[in-house]
Amino acid sequence: MAKVNVRDFIEEQYGLFINGEFQASESGDTLTVTNPANGEDLAKVAKASKSDVDKAVQAAQDAFDSWSKTSKEERADYLLEISRRIHEKVEHFATIESLQNGKPYRETSTIDVPLTANQFKYFASVLTTDEGSVNEIDENTMSLVVNEPVGVVGAVVAWNFPILLASWKLAPALAAGNTIVIQPSSSTPLSLIELAKIFQEVLPKGVVNVLTGKGSESGDAIFNHEGVNKLSFTGSTDVGYGVAKAGAERIVPTTLELGGKSANIIFDDANLDQVVEGAQLGILFNQGEVCSAGSRLLVQSSIYDKVMPKLKEAFENIKVGDPFDEDVKMSAQTGPEQLEKIESYVKIAEEDSNANILTGGHRLTDNGRDKGYFFEPTIIEIKDNSHQLAQEEIFGPVVVVEKFEDEAEAIKIANDSEYGLAGGIFTTNINRALNVAKAMRTGRIWINTYNQFPAGAPFGGYKKSGIGREIYKDAIKNYQQVKNIFIDTSNQTKGLY
């Protein structure tokens, strides 16, 4: 491991951030956060209980009255200041993200943290065009349409992009005038609790409350709390069912960004250099721990024998290791459970004659990697999209490859999934690209690239991949209610009674 002095970036212990103050949990219980690249302990964080959730929700409720009445200009200024401070501390937050998550510093410093800062900046600008409307129905009747904040938002985010996913909830929720109780994953909470230090300096007390704890305990308590008016969750589809149920039982609006098994389609006229890079972006970025990962690679049969040797060579040349090594392109999986899950799917391929492991398929333990959770970039060829490996989300650097003959077959295979989060198309034919994109039942399609997430491009899924869209101007509507004020100016009765 490249030498990083952990205590220059991370404290030994963190409390919960409630009502503008850091404090121990009521029980005094803590959780230990470890570095997945070397197994070393990083810090202890408070483990929130239901009573801590009660305190956080109460703080958010108390702050809502004044925060919701701040002007759009004031809220925009707050968001811009948060953005500025994150930009000033890119190295700080990127280092923490790499330490707790295992992803390469080259990604956290150029993607995760800058995009986080930009979310707050973007939604500050969205506020300038977030306007109501007036409709003069006739000479004596006027309809006013007013956008109002929902109230207290309860949010839980996954471990694969801890600080970035948090910004996808925080920025639009705050812009809309809501207060929020948010919890990161128990395995990767440090960047968000460090971000709370900026909230402490910038925002009024209680506007943002950050809890750390188990999703199955304090996370569930947030989603089932009577004082929470809006739910927002990013994570697995399995957990998403429970969040959706919690919202349905209380009739609370719910935004869900869930799993995927996205198809990355390669046509025979594609630029092969773009194809090789695009396939790697699709499945090796963030160690494949991406909900939108291009985990099904569909290659037109006429170029299959030309593409696969190039792809195999590219995967085998990926340097896997220390996240702070500048030459490393892929680092550690986030934890032992994820590594075991990946290994279990590779074992399925090993035991199935209908699957062929073209390259990879093993945990890496040499050259000092034995204490971390490293896995080889892996390519598995399959013959049928009904195969378990083509239908279930692996969430690692494992791509399954299938052949197709023409556009119609590519579309059929791509849509043969219970998920519909994303997909990719590589072709130089714009008509083909648009026709196939329109036919794919997914919320995001990349053409001649993959896994790009700039603010201003809506992201979210069809089918079991979720409800709602994020990182786009309309995402502010996820955190608003529409009020209609209907006015009769005639000063006369209607004569009906």
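Cβ atoms are placed via backbone N, Cα and C, with glycine included.
On a predicted model such as this, the values are computed, not experimentally measured, just so you know.
Summarising the annotation, Swiss-Prot assigns NAD(+) binding site to GLY213, LYS214, GLY215, SER216, GLU217, SER218, GLY219. Cβ neighbour count for GLY215 (NAD(+) binding site): 23 (other Cβ atoms within 10 Å of its Cβ, all protein chains included).
Long-range Cβ proximity for GLU257 (active site), meaning a same-chain Cβ under 8 A and a gap of 6 or more residues, is found for TRP168, PHE233, THR234, CYS291, PHE459, GLY460, GLY461, SER465, GLY466, GLY468, GLU470. The feature active site is assigned by Swiss-Prot to GLU257 (among others), with similarity to another entry given as support.
DSSP gives CYS291 (active site) a coil state; it is part of no helix or strand. The feature active site is assigned by Swiss-Prot to CYS291 (among others), with similarity to another entry given as support.
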GLY213, LYS214, GLY215, SER216, GLU217, SER218, GLY219 excluded, remaining Cβ within 8 Å of their centroid (NAD(+)): ALA48, GLN183, SER186, ASP220, ALA221
Neighbour count (Cβ, 10 Å) for GLU217 (NAD(+) binding site): 15
C-beta crowding around GLY219 (NAD(+) binding site), within 10 angstroms: 27
Secondary-structure category, per DSSP, in which GLU217 (NAD(+) binding site) falls: helix
Residues that sit under 8 angstroms from LYS214 (NAD(+) binding site) by C-beta distance, when 6+ apart in the chain: LEU31, LYS47, SER186
Among SER216, SER218 [binding-site residues], residue with fewest other Cβ within 10 Å: SER216
